[in-house]
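One structure below.
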Amino acid sequence: MAIIHPKVRGFICTTTHPKGCELNVRDQIEATRKLGVREDGPKKVLVIGASSGYGLAARITAAFGFKADTLGVFFEKPGTETKAGTAGWYNAAAFDKFAKAEGLYSKSINGDAFSDEARAKVIELIKNEMGGKVDLVIYSLASPVRKLPQTGEVIRSALKPIGQPYKSTAIDTNKDTIIEASIEPATEQEIADTVTVMGGQDWQLWIDALAGANVLAEGARTVAFSYIGSDITWPIYWHGALGQAKQDLDETALRLNQKLAGEVKGGANVAVLKSVVTQASSAIPVMPLYLSMVFKIMQEKGVHEGTQDQLDRMYRDRMYRTDGAPAEVDEKGRLRLDDWELRDDVQNACKALWPQVTTENLFELTDYAGYKKQFLNLFGFERADVNYDEDVATDVKFDCVEL
């Protein structure tokens, strides 16, 4: 038990609130339920990177939008009697509790999702507990490091531009001030390493392992999440080291699509999602300012979406359409859920606003207040229905295999 308040260092909140995290998950489940439960669609779903952000949302839509049995893989820190664990641990625990209350199969694996050990455990559970096959594999890993399964070598990714230094207006989120951010370009080695960590190699290893073990159902699909963003963030993102990794993901999708079409009449796609506040996006320089602006503009235009809205739309309007039509894709075979964010009217408003923002008018011209609230929400804070001066149980256990 502990009384827990937020402590923010840099772009990380170092504390989490178990009750707040549980209520966040409950709200996401309710949002999905409101759209109705479908009988068709995916029934046995594996989510790699299932404890927060888009991966968690993908698991929630599968379970509570389509009554699917789900297996989630993630790397989180459990809480103890005296100390809170990571937000993802409590998110996964809450998901498990609500899924089981619904009579759905739910199991989780806590360990390194990049490891062969995790793949072996997943295959074992699919064979022994999930009827032998899965029909959807969601790949949603966002990690700054990857330990290579063959050699044990640890590779790190770099959030850097390519070619020349990147200078831009940004928010110092600790001081709530507008600053000039400058980032030196990535070296060739850093670019290669970023592709190794954030590209399609591990996704390919997962699908190869699952296909090799014959645990992919007829018609099985796989989707990996990506972000392209607008040209405002391109120097640091799409045209930076991370963009190279995401292009590798695109190429992997084309290979996997051919493989699955041939082997199980299935398919593979990259899904390009909109920018949202996640632990991953808050680490990217310039993103907090861009998010604060784009949220305000999209809210004004009535097209703002959170993580859960995006995933519900991906399943319902793209992948599993009631009219049975194939998903609409772009010229590279990608599912585009960033379509509303990239509308000309939205982006032009962002570009017009960008040079006007100063420390003095930051809260007035943008939804930075909303950004800050959503950031703290990720860790279970800033909820009106939680008394943060009360003791809360931190040692939460659930149906999770520890690797």
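Glycine is no exception: its Cβ is also placed from the backbone N, Cα and C atoms.
According to Swiss-Prot, the protein has these features:
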BINDING   49-54, 75-76, 112-113, 141-142, LYS246, 276-278  NAD(+) binding site
SITE      GLU76  site 'Plays an important role in discriminating NADH against NADPH'
BINDING   TYR227  substrate binding site
ACT_SITE  TYR237  active site, proton donor
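The structure, with features from Swiss-Prot marked on it.
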residue : record                    : DSSP (3 states)
GLY49   : NAD(+) binding site       : coil
PHE75   : NAD(+) binding site       : coil
ASP112  : NAD(+) binding site       : coil
LEU141  : NAD(+) binding site       : coil
TYR237  : active site, proton donor : coil
LYS246  : NAD(+) binding site       : helix
VAL277  : NAD(+) binding site       : coil
Residue among binding-site residues SER51, GLY53, TYR227 with Cα closest to the Cα of GLU76 (site 'Plays an important role in discriminating NADH against NADPH'): SER51
Rounded distance in angstrom between the Cα atoms of GLY49 (NAD(+) binding site) and the residue listed as 'active site, proton donor': 21
Euclidean distance between Cα atoms of the residue listed as 'substrate binding site' and ASP112 (NAD(+) binding site), Å: 23
Entry from the recorded positions list GLU76, ASP112 having the most other CB atoms no farther than 10 A: GLU76
Chain-internal residues near the residue listed as 'substrate binding site', provided their CB is under 8 angstroms and they sit 6+ positions away: TYR237, LYS246, VAL272, LEU273, LYS274, SER275, ASP338
Same-chain residues at least 6 apart in sequence whose Cβ lies under 8 Å from GLY53 (NAD(+) binding site): SER140, ALA142, VAL276, THR278, GLN279, ALA280, THR307
Three-state secondary structure, which DSSP defines for the residue listed as 'substrate binding site': coil
